[in-house]
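Down below is the structure, laid out as structure tokens.
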Amino acid sequence: MSRQAKDDFLRHYTVSDPRTHPKGYTEYKVTAQFISKKDPEDVKEVVVWKRYSDFRKLHGDLAYTHRNLFRRLEEFPAFPRAQVFGRFEASVIEERRKGAEDLLRFTVHIPALNNSPQLKEFFRGGEVTRPLEVSRDLHILPPPLIPTPPPDDPRLSQLLPAERRGLEELEVPVDPPPSSPAQEALDLLFNCESTEEASGSPARGPLTEAELALFDPFSKEEGAAPSPTHVAELATMEVESARLDQEPWEPGGQEEEEDGEGGPTPAYLSQATELITQALRDEKAGAYAAALQGYRDGVHVLLQGVPSDPLPARQEGVKKKAAEYLKRAEEILRLHLSQLPP
């Protein structure tokens with residue numbers, strides 16, 4: 001795939017038409033338009049329906065990527081917080097719709113975001129269409145000259161097998177099955193090859209929902225500094241998993257399965273404990289640069305390990321502790337390292 005593909009289109013995103021899914025949550029129509037720079041009439045369109053948790057996951061993924069780009073001149077857009085009460089009110093639905101639309105439009109001028117695998121995955125399953133061509137076809141097609149009899153018309157029995165087969169093909173539209181050409185069309189719209197802007201960032205797959213708010217600077221609650229017992233809590237988390245808060249990631253919105261088979265303590269917890277223990281020692285000794293790196297490494301290990309953790313309760317605990325460690329790392333950067341030369 002050519003690296004120039006990322007410059008071939010102008011992108012335009014809209015989020016509209018909120019509706020209630022049969023399962024009870026709200027979903028939004030997301031439309032991505034790709035307008036060719038060479039031919040403005042060459043417009044491709046992808047439409048998908050997404051819920052709040054999908055947008056929130058994408059926000060966390062893109063926030064992580066944006067932070068690694070070190071683009072300090074632009075502020076990554078905020079996203080509405082999850083809430084238990086009032087999430088079906090018109091004002092909340094509109095706030096979420098606008099937040100999702102602002103997020104997508106923010107990516108337009110940043111190649112590392114608008115060509116990211118996370119954004120491509122977000123639109124996976126949507127059909128790539130050419131709305132202008134469909135509109136032109138509607139004007140040039142002549143009206144049918146002979147009315148088609150209904151399917152239960154007794155005259156159908158008098159048709160020859162070949163005629164019946166041809167008539168049924170006209171009456172029953174056949175949806176094209178997922179095919180490689182459709183996937184290739186999506187690949188052409190989202191050029192996921194590495195760009196110069198993102199070349200310094202380590203390669204990683206899309207974040208899971210468990211990683212959602214941890215790298216999102218707008219999703220952490222303000223509060224007191226982390227407790228000095230963080231490491232002890234992390235080391236004993238497998239014992240306390242039954243007592244951890246198990247509130248759902250999107251309150252009242254998703255169906256989660258509980259897994260009671262925890263098994264032995266995951267290795268990633270032990271590794272993260274060692275890293276964060278050393279980070280606490282470095283911070284106490286005034287070695288703030290080493291402490292900052294230690295917290296970041298510890299959080300990275302937690303986020304890599306938590307998706308495969310068999311205990312949902314422990315996953316929630318890991319997410320909360322990782323958020324605290326990341327917040328502590330940001331405090332060290334702000335209080336002790338912000339004045340250092342680049």
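Along the chain as shown, residues are numbered 1 onward.
Each residue, glycine too, has its Cβ placed from N, Cα and C.
When the residues SER116, SER201 are compared with Swiss-Prot, the one annotated as phosphoserine is SER201. Secondary structure counts, DSSP: the domain 'MIT' (265-342) has 65 helix, 0 strand, 13 coil.
A 10 Å cutoff on Cβ-Cβ distances gives ARG105 (omega-N-methylarginine) a total of 15 other Cβ atoms nearby, all chains included. In three-state terms derived from DSSP, ARG105 (omega-N-methylarginine) belongs to a helical segment.
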